[in-house]
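Worksheet for the structure shown next.
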Amino acid sequence: MSLGQRLALLASRLQEPQRVASFQRLCGVEVPLSSPAADEDAETEVRGAPGEPRRRGRQPGAEDSPAKADCCGAPNGVRNGLAAEPGPTGPRRAGSQRRNSLTGEEGELVKVSNLPLYYLFCLGTELGNELFYILFFPFWIWNLDPFVGRRLVIIWVLVMYLGQCTKDIIRWPRPASPPVIKLEVFYNSEYSMPSTHAMSGTAIPIAMFLLTYGRWQYPLIYGLILIPCWSSLVCLSRIYMGMHSILDVIAGFLYTILILIIFYPLVDLIDNFNQTYKYAPLIIIGLHLILGIFSFTLDTWSTSRGDTAEILGSGAGIACGSHAAYTLGLSLEPSLHMLPLAIPPLTVTLFGKAILRIVLGMLLVLFVRDIMKKITIPLACKLSSIPCHDIRQARQHMEVELPYRYITYGMVGFSITFLVPYVFSFIGIS
């Protein structure tokens, strides 16, 4: 057997849904014998195209696929609640009985016998969700180091955009259920290869280490511990949730390493261009919009298209906001002779200002997001002559979803790097 055949055989085995199900059982996740899902295991399965795993029902990425509903804490109108028999090992609704904001779909009833692992992997999967991003990047920009925060966003946008587009090109379905138990339905309508959670969970800690080591004074061992812990937690959480095969996660990890090798040397150049070039905002907005339109042509409707527009809008807004802040002198960064920076001692005053900035800043950001959401969807429907009485259906049109996500999160990003720092400077807490 040649090397190529061996690698193909290995990849085929790593893609098997039975391996995902085995990992779930090892971690204490099972379908209760009395649940409807257990009774359905014997139902007839639908066989896909050659080389694809067996699966039932709707295919991920299809037009009538459900939109997403997070596992542990995503926004977008999900609902929390307790399932019947909520004991430590009793049946519970996957994702704490979360309901999909666009279709009303809920996770299936499952039995979790290892709650510490359940909550640990919920934390891991949240490290790749909107709630985390909307807290993490502003915290860096407002409280820690805007220089690092801006560059983290550039890397995140590159990695996530390439990952989402690759999914829509390869079009591999999610692991078949059964045997896999879907603990999450938020991303169930998207394709599987590669895992963009694994990509962001690999890119962010590596980029944090590369950007901060030498700029800040801290032991090298901290970074060497952070990277494998963060990345492995996110990667394993996607297998635990039943969202990805082992192959998806490994491919996402390796794909991210390749992207960082190619693009990381350009990050300084991109950030300097965003801040200093006179016509940077026009180029940023136009380029990100073109990339968004291209991604929308790769496949029929799925929730990943809206995510891609959201990522591009956020990146464009943060870049334009950093340009405005630099132009008006709001970007106060230490000179090169002050490097490496010493980590200041944590005092009551420092902690209080940090909490005040994050609370006040997030209130302003969420206010901007809600206002823009209420404006952009009806306006996009009106301009496109699409009925807006059914928001779920309207958002399946590119003419509505792309401008809604792009403009709304573009303003969110602009607020993070310009409007909020301007308010901080005005009231004296910058």
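Yeah, the Cβs are placed from backbone N, Cα and C, and that goes for glycine too.
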Which listed span Swiss-Prot calls region 'Phosphatase sequence motif I', if the choices are 104-112, 167-175, 329-337, 392-400: 167-175
Candidate set SER96, SER101, residue annotated phosphoserine in Swiss-Prot: SER101
Within-chain partners of the transmembrane segment (311-331) [C-beta distance under 8 Å, separation at least 6 from its ends]: 133, 137, 146, 150, 153-154, 156-157, 160-161, 164, 271, 274-276, 280-281, 284-285, 288-289, 291-292, 295, 405-419, 421-422, 425, 430
In contact by Cβ distance (the transmembrane segment (279-299), the transmembrane segment (152-172); 3 or more pairs under 8 Å): yes
Interface present between the transmembrane segment (279-299) and the transmembrane segment (121-141) (three or more C-beta pairs under 8 A): no
Residue numbers, six or more beyond the limits of the transmembrane segment (279-299), whose CB comes under 8 Å of its CB atoms: 61, 161, 164-165, 168-169, 171, 273, 305, 308-309, 312-313, 315-316, 319-320, 323-324, 398, 401-402, 406, 410
Same-chain residue ranges lying at least 6 outside the transmembrane segment (409-429) that approach it to Cβ under 8 Å: 134, 137-138, 141-142, 146, 150, 153, 285, 309-311, 313-322, 324-325, 328, 330, 353, 356-357, 360-361, 364-365, 368-369, 372
